[in-house]
Structure formats: C-alpha cells, structure tokens
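Colleague: This is the structure, below, for whatever I ask next.
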C-alpha cells in the first residue's frame, strides 16, 4: 500500500478504516493531512471543518509521514502547490521542500502537547482545521476580490452627451483608476485611464443599473457604464465611492494573502500611499516587490508582516519615499543602499532581528522618527548621532543593559526616547553638562535600582513604572508628569520645585511621607500615592488650591487635617486606612467634591454636609463600605441631595429611616448589603432614578416596594428572610436581574413566576427534596457563586461548579473571564468539565490531564476562538492516591488572570499564576523573543495584556493556551477556596479576601460579600467570585464504598453469581476514553460545527478501551469485590452564566418536573456528570424467602434504596429487590448512548440529563440558568372524594397486610437509610 501521496476521499458516510489506523499505530512519525479544495464562495476568514458549504469531494485525507515534502503530496494529488492557512486568516503558498505533517506536529508541540502519541492523535482530529488547514488550491473570497479588483465586459459610453454610442468594452476598477479598453475583451490595445480620486460617481437615471464615473479637475472626463444586474451595480458603486471620497491616492491591499501586486494596479500612476501589510509578497517574480519602483509618485509604503527575510534592495530606488514600514519581516541586517532614500522621514523596523545599523543610514538627513523596537540591539547605535533631524527614537524591547546619557546628549534633536522593556540596570552620566532637548522618556519594565536624571533639565514626562527603584532624582525645571508606580521607592528627589507639575503617580512604593516638593507644587492637579506607608496627609496637600484628585488609599493614615479654607478637590480616595472620623469641615469646605471613597476604615460617624441651613454639596458618589457606621449616620446623608451612588455595605445599620431615604431623589445605585436591616423603607418608591438595589445578607423579611420604580434593572435580595413577594399588576420593562437565592422560606407560585417571564435573569433557590428522597451529597465541600456586571452593560464572566464530579467523590470548579466578549466564557463553561472527565481517564498524572484539558478546550472553541480569547481557571478536587496521609488533593490550572487562593490555617496560599506582561517577566521575555510588538499600553499587538489565553488563536505563537498547574494535598487546616476573575483580585488582596469570608457561614453570602467589596473599592468592570467551603477531616474515607455496608446474598447476588455475570461489551458514552484511532471518523464529524460544541457529551469510546474494566477505588476497610459492575456516570453540575445562547438548544420537547419554562430563563441545578453509588448490572432471581431475608438485612442496618435516575425531581424510590426486567425496559438503562441534536450536540436520553436542555427551551436571555423551585400545581395533588374514603382505607389496609414486616425502630436500626443516584 502506497501511503505517501495516496489519497482517500472522506464523505459523510465513508470511514477511517482499520488498515489506516494500524498503519498509523506503527510509528508516531506517521499521520494524515486533511487537504481542502478551494471554494470561492466560502470566506477564508471563517472557514473551518464545520463549513457546510464544502462538498465532500473537496476534502481529501492524505496519509504521509513527517518527512513527506509538499512537492510529493502535490504530485500524488495532481496539484501545483499546497497552501497553508492558520486560524482562518491568511493563506500562504508552501515551498516544495516544506513538510506539511511536520508543520502540524510543530504547531501542536508549541501549543503545549508533549506526548508524541497524543500529538499524532490530535493531528488526525478534523476539528484542528479551525487552527491549521491545508488547501490544494488557493481559496479566494469574493468580497476580497472586489476590494482588490473589479472587472467585466459592460456597455460603455464616453462623455456626458448622447452623441457617443454605447459599446461593449472591458472595464476594470483597480486601485484609484477606472480602466476602459479600446477594444472589447482585449487588453493589448489602448487602455483609457480615468483617475477617480477627488472625482465623483453618479447614478444614470435614464438607464437602469448605470453609473457615471467622472474624474476631478476642470477638464474632467466621464464614462457611463451599464451593468446587467442590481448586484453588480451595487458592488461597483460601493467600491468606487470609497475611491472618490479619498483625499489622497491611497490603496489599501493589506491582509489579502497577496504574493504580487495586481497587474492593473500599475495603471494607477497617481498612487501616493500603498499598504501591503500582512501579505506574503515575493521579491523576484512578475508583480513582486522589485516592480514597486514603477510607482513614480509613491511616498508611503507599508510592507510590515510579510516574512520577507531579506531587505528588498530595489526599494531603495524609490527616491520619492517619505514613509517606509518594514516591521516584522525577519531582517538581520540592512543594506548600505538604504542611504539612497534621502527624502525618508519615518522609518519603522520594529520586530526584526537587527543588531546594528549601517553607517549609510546617517545620510538620511530628513529622518525624524526611527522605530527599531523589539530587535536585538545591545547599545544605542552611534549612527543615530548623525541624524540631525531625528526627533523620536523607539528602542523598546531590545537588550540594552546600560544607558549612557552622553549618547543621548550627542543626539542634538531627539526629544522622545522609548527604552521600555529592555534589561537596563545602570544609567551612566559622562559629564555634568545638561541635556536640554530630551522632553519625554519611557523606562518602564527594566531592572533599575537607582535613577538619577537630574541632568535632563528639559524633561517634561517620565515613565519608570515596574522597576526596582529605591531612589529617584530628577530635575524639576520642566517636569509636568511623573509616573513611578510599582517600585520600592523610599525617596523621590526633585529640584527645583516643579512649578509646572500637574500629575504625580507614586503608588505601590515604600514611601513614609509625601515629598515636600510635592506639597509646594502650585499646579499639581492629580496625586496618587496610594499603597504606601503614609501615616498622615500634610495640610499643604489637602488645602492645595490646584489639587483636584487625591488618592491616598491603602496606607496607615489615622487622621486627616481639618480644612480651614475652601479647596477645589473633586475626587478623594482614602479607603483602607485607620480613620475613625473625617474632618468636620470636609463637606462644607470641599464644595466641589463629587467622589468620596472612605471604605475599609473605622468610621463611626460622618461630618455634616453643611454649616448653615442649606446644603451646597455636589457629592454624587459615596462609598462607605466596611466601617462601623450605625443608624445615626443616616440623617447626615440627607445633606447630599445629588447623591447618585451610595454604598453602605458591611456596617452596623439596623434601620434606614423612611423620611431620610425619601429625600435622596437622585439616587441611582444603593448598596446596603451585610447589615442588620429588617426592611427597606417604602419611601424607596420615590427614588425614581434608582436602577440598582443590593441588599443581600440582611434580615429583610418584607419585599421592598421596588417593582414600581420605572428604571429599576438589578435587584439583589439574596440571603435574607423573605417569605413572599407582593408584585404590582405591571412590572417595569427595565428589570433585568432579580436575585432571591438564599431565602429559604420563600415560596413562589407559578402565577408569580409567570409575571417574571420577561426578566433576563431570575435567580431563586431550587426547592429542596424531602430528606428521605434527597440524594447523597458531599459533606466535604459546598460552594457559593456571585457575578456582578458593574458599570458594563453585559456580563462576560461565567463559572462552573460541580460538587459531585466523576465518581461522586470529586469536585470541579471553574471561572472564565472573556474581558469584553461573553461568548467564549459560556462555551468554556459548558465544555470544559466534559473534556476534563475524558482526560482524567486517559492519564492519572495531574499535569498531563490538566494540560490536555486546556489544550483540547482551546481546540473546541472552533471559529469563536480565532479572534476572541478568555482567561480560564479550573480547580479539580479528587481522592489523593499518591499521599496516603491525605484524603483529597487539589489541582489548579489557569491561563490569563483568573486566580484561585486556598485558605490554609487562616492564611492565603495562592495557587495560580498571573499571565500578564506586567506581572510575569519570563512570559514577557518569551513574547519579546517571538518578535511580537508590545504597544505602549502593554498589550500584545495592541490586543491583550495576557500572554496565555484560551482562544485568540490568531495571536499564535505569542499567546498560548498551555496552563500553569499547581497541586496540593488537602488537609484539615484547609478551610476554603476562593476563585476570582481579574477584577476581583485587582481590588482585593489575598489576605483581605480570606479574612472577609472566613467566618461567614453561607458560601453564597461569602461570594456575594467579595463582589460587593470589590465594587465598593472602585471596581467598575465585571466581577466574579466563587467560595468553596472545605470540610476535610482526618477521618474522611474517600473510597467508593465509604459508609455503605454491603448487602448479603439476598440484597445483591452472591459473589459466585456475580462472577458468572457477563461483562458489558457496549462502551459507555461517558467513559471518555475516546480516540481518533479506536473510533470511526465520518465526514459528519469532520464537518460538524466546531464552535457549537458547547454541550458535547463525551465521544463514543473505542471497543478496545471499553473492554478494560476500570478498577474500583477501595480502602483497606472496604475491599473490592471480585466482580466488576458497569454503570454510566452522570454528574451533578451547577451552571451559572449570563446567557444561554450557546448552541445548547434541545430537540426534546418533553416537559420535566421541577423546571418552570414560562418564558423566562431560570437557573437549574441538574445531575449530568457524577455518580453517587453503584449498582450491579444484573442479579439472579430472589429466593422465595426474600421478604424475610430483606427484613433481617434491614434489621442489621444494611438496607438501602435506589433512586431512579430518570425521576430525579420526583424523588421516587425503588426497592433494591425490584424485578430487574422491569428496570431494563427504562430508556435510561436500555440505551447507553446520547441523542444527536440538530446543532451537533450530544445529550443522553435520560430525563435527568435532559434538564439542562429543557431549561434552554425558554426564550434566549443574557444570563444563563437559574435555580427554580419544584412546586406542584394544586390540581395535581391527589384528592379522595368523601364517599370513597372508607373504600380507599380498606384497600390500603389490605395492601399493607400483604407487605413484609416494617423495619424495626429505635435501637434495632442503627444506621439511616442509604440512598444512591444511579443510571436507573
């Protein structure tokens, strides 16, 4: 069999044969390449393996090895060339010597896969085509072609008069010109060129689908063109309108995968700026870069990101160039001919491998801006001293270790110097001569310990954040702005006093006092000196007549000085200090104060808002969370009639006087959570502008009158004592989120739920099942989740919580933050647990299965993950098999900026790594080595500050999905686990978060408290927090038979009988041991929508894997039996998200008990993943004395009941001795596979597993699934008529007499009834 170059066509019914699988297994260097055909109707930017428009004949499977070159595959396929597309983006031609399979293997290896066998398996997965794909022909997208060139044979008439006749001519619109041939369908004759820039395009009314093209100028020419169809007319009008509207002759051909300049573009001789960035331009070929000199008026040329490798020397012949960009092309040197570009003013060479510049560069006397950032320079090139007009030098991301100020002094005209992200450790001053021309300097992210720039007497702005500075010395003659945060500064010296200074940022340092010179700065408007060691605020600072914004939070300030005179202060942040009171004259003297944050202090009272009868306060935002305020402070708030935001959470409020709340008419957001309030005043109805009310964790028993407010949007009354809701006849249309969880006594009728049908998010508790019917839940952990949108209009944070996972003794918790997108967090929320469940059965090594879980989830994002990205955090608790002294181990993996913190013995233990450029120097260096461009706002290519994410595949190899992994055994000292997104940890320290929730009994209230604290401390973004309470005892046994006394030969079959029981040969659909080699792949799998795998169940396992029984985990007290049993393992998951529009719509219309589908979406806690007990697949018939034997077993405490899995909400119990033949008729036992839905999702057929699908039958909302109580309609209850009562009692009596003896009570029964959730 010939494998290299052989072709196998895959269609929706053909399969990956056993012969091919056997051949692949023989050597890991063998594999297959999916070869796609070109389809001009399919967009290259959105193509994927899920593209339904690609016919089966366009997809071929080529078996090859890592040594097979592209030329050999082309020969076998009858192709001229192969093309490679990465991440649905650009398409480049492969060189004949390149090896496609090796390219795939290298790609997977760089993503994070290490095992060669796993790399071979992943390479055969058709879903990979969303990230890397091969074409036999170059694909073209029609709208791309339209923007490059429009052509066709149309009826044309020259001139505005009707003297000329209509004639068919070849018409081309390319670049800035309209080209009309003199002969029909011929380009060899004379071509008439009509420049369109500055001209006009008009509709010809007398002729249908006709346009009049006119050039600019006094002697303008006009051509009338008649099109055959409306679509052609619109295409030409749209493209021509862009050309005529330009002021300059600019042509943008970026991101078109071009290898050469279109031939007709050379007719546009008036082009002044040509953009060819992000293409694959060739040097020597017709239309290549060597022909660009034909544009005689070209002034600007952008050739960045073309992977040229060598500098195009012929570009130096274009003497008219004033702007040239050649960034990210892999240059290692520049030719001497570059000195010919005498008119060049701007030269960008960023992202290459340059180590030196030629001396001829000094000839460019007109050069004003030079960009050589992210190269390999170790010193400032001397040739720059010859550039007398040079104004800006950008050398960020190089390898400079020493900064010689003398070299900068010799550059007489340089004003802006960018040296951030180098390796600077020392600054050398050659002489005392001052430098009078440098005004802006950026030294961020270096390794400086001391910095003396006093010789730069004209310095206006300095950035030196994130160094290791202990002392900073500057000249104050011209200083206007200073940014020196995130250092170790103990002294900042500026002389003379900076009279022009307007902004000063010194946060995150070790300063013990405000510098004296700062107190004397007469124009200082902004001062941020938070996160230092201050003990006081100087009177001169607080009484400054120029200061408008003062940030002194997170210090040790005990008291603020009293104000004597009026001050212009507008923003005051004094949070996290030790203040017991505020100055009495604060509000009366600071009449411009609009924002005050005094949270996390020890305030017991507030100063009066006015000295006289009338208040002049303009205060709008007031944050007083976590103080010692009582009811006595409420009357003072009335003096601030313009308050819009008021936070009084976590104080000691017991009442809120109705008369006082009535006067806060401008109030828009009110947070009263964490107090001791029993009611919200009825006068809240007068706050007509109120849109947010947060009052969780109080003692409120009466629902406030907030549903009459016209603008109310968000209401959080969770963790209170509500018993009922009084709602008006009509609810406000603006209401989006109503949280009533944690109100254990609250019962909502169906009529009430119907009235909330329009609410995006209705959060209520699920009605608990009776104690005798409830399933066995974990006593080792419980969780609470809170998510708040903040000031943004959508929630881009989702969470995953499974208290019972896999075998029922594990748990999985996750947090996903999409920053600005909400799609990816929801996809990860729905898929990642399934991927983990599959991966833990492939490997027991935590590093391996966690890494593979993230990488596979990255792949499953499909097209959605090409341009979007998300931070991800996953925590997996499982039995610890490696450490016999520990019951459970915790494995945490993360990418991005979501973090997990473990509270151990009252102290925080961080388990995550922050993958950002600012916090991880190693990752920043990796990104720099890959020659990425890091913009001044510290973002990779201006997109994200994270270096590792799930998604954002188009930023490969700079952004990777490989996670950081940490494992630790859980001990009795581990109290809780906190998961939070970026916004949470930006505003709360690890220690404060742990201390805030350690003594909160309810995990839901704890999570809510963390989010409230973050918002009160200044967070305006989405914030998400999950708190997992741990109860890991030393006596905890984690084996599968813990707490279960095995029944004797009556309760279950005997051991001998079990040995004879045949093992199941049908694999479980949830066992997760899926392989591309052991399972059959069809084209339907290849063509399935990768982006719609949000609810995919685990793949069908191979036959070989299914025959291997999984050994049961037992301890020495509960030895394993000699016979294995089989059971499908669902899980119990609680999903929380902000929208259910994630591809999970179900085809099943069967109603489910306990789920209210009244038009609004509700959150439902469902069992879909974990098993809580085991059951034999079959057992022999019971002996005749089975009833007596069962009674004896119950007397010994070994009795138990099995709850039907397909009646999880009804709580029906089946006795263990029920006839098995009846059970086998259940769909949940007779079918082990899932049901294929129309969207490609796989769901099992059990009712309990369809709960999540039924929940999504509700109209699509923005906030996911929420817990709804299970309530029976009154008419559904069983009612016995009076005339039949006696007859029914007699029948029940006879039925009881026919039953076995009841179980003994009291001391005879020592153990409670055990109950297990099984697949039955």
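Along the chain as shown, the residues are counted starting at 1.
Quick reminder: no glycine exception, Cβ is built from N, Cα and C everywhere.
Got these off Swiss-Prot a minute ago, pasting:
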DOMAIN    147-245  domain 'PH'
REPEAT    247-268  repeat 'LRR 1'
REPEAT    270-293  repeat 'LRR 2'
REPEAT    297-318  repeat 'LRR 3'
REPEAT    320-341  repeat 'LRR 4'
REPEAT    343-364  repeat 'LRR 5'
REPEAT    437-457  repeat 'LRR 9'
REPEAT    523-544  repeat 'LRR 13'
REPEAT    546-567  repeat 'LRR 14'
REPEAT    592-613  repeat 'LRR 16'
REPEAT    618-641  repeat 'LRR 17'
REPEAT    689-710  repeat 'LRR 20'
REPEAT    711-732  repeat 'LRR 21'
DOMAIN    782-1030  domain 'PPM-type phosphatase'
BINDING   817, 982, 1021  Mn(2+) 2 binding site
REGION    1057-1100  region 'Disordered'
MOD_RES   1207  phosphoserine
REGION    1265-1320  region 'Disordered'
Colleague: DSSP says what for the repeat 'LRR 3' (297-318): how many helix, strand, coil residues?
Modeller: 5 helix, 3 strand, 14 coil
Colleague: Highest Cβ count within 10 Å among the binding-site residues 817, 982, 1021: which residue is it?
Modeller: 817
Colleague: At a C-beta cut-off of under 8 Å, are there same-chain residues at least 6 beyond the repeat 'LRR 16' (592-613) that contact it? List them, or none.
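Modeller: 548, 553, 567-586, 619-630, 632-633, 636-640, 647, 1013, 1016-1018.
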Colleague: Starting from the Mn(2+) 2 site formed by 817, 982, 1021, give every other residue of that chain whose CB sits within 8 Å of the mean position of their CB atoms, in sequence order.
Modeller: 796, 797, 819, 871, 897, 898, 981, 983, 984, 986, 1022, 1023, 1024
Colleague: Other than its close neighbours in sequence, what residues sit by the repeat 'LRR 21' (711-732), given a CB gap under 8 Å and a spacing of at least six beyond its ends?
Modeller: 673, 688-704, 738-743, 745-748, 752, 755-756, 758, 763, 789, 1002, 1004-1005, 1008
Colleague: Looking only at the repeat 'LRR 13' (523-544), how are its residues distributed among DSSP helix, strand and coil?
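Modeller: Across the repeat 'LRR 13' (523-544), the residues distribute as 4 helix, 3 strand, 15 coil.
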Colleague: State the residues, same chain only, that lie 6 or more residues beyond the ends of the repeat 'LRR 5' (343-364) and have a CB under 8 A from a CB inside it; answer 'none' if no residue qualifies.
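Modeller: For the repeat 'LRR 5' (343-364), the far contacts come to 304, 319-337, 370-378, 381, 383-384, 386-387, 394, 931-933.
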Colleague: What same-chain residues lie close to the repeat 'LRR 14' (546-567): Cβ under 8 Å, and 6 or more beyond its ends?
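Modeller: Cβ under 8 Å, 6 or more out: 507, 521-539, 573-586, 589-592, 597.
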Colleague: Would you kindly list the residues that approach the repeat 'LRR 1' (247-268) from elsewhere in its chain, counting only those six or more residues past its ends and only Cβ-Cβ distances under 8 Å?
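Modeller: Answer is 44, 89-93, 138, 144, 147-149, 151, 172, 174-177, 179, 191, 193, 195, 197-198, 274-282, 285-288, 291-292, 294-295, 297, 302.
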Colleague: Using a Cβ cut-off under 8 Å, which residues of the same chain at least 6 positions beyond either end of the repeat 'LRR 4' (320-341) come close to it?
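Modeller: Here the qualifying positions are 273, 277, 296-311, 313, 347-364, 366, 371, 931, 933.
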Colleague: Please give the sequence-distant neighbours of the repeat 'LRR 17' (618-641): residues at least 6 beyond its ends with Cβ less than 8 Å from one of its Cβ atoms.
Modeller: 575, 587, 591-610, 647-657, 660, 663-666, 671, 1012-1013, 1016-1018
Colleague: Across the repeat 'LRR 2' (270-293), what are the DSSP residue counts per state (helix, strand, coil)?
Modeller: 5 helix, 3 strand, 16 coil
Colleague: So, three-state DSSP: helix, strand or coil for residue 817 (Mn(2+) 2 binding site)?
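Modeller: Reduced to three states, the DSSP call for residue 817 (Mn(2+) 2 binding site) is strand.
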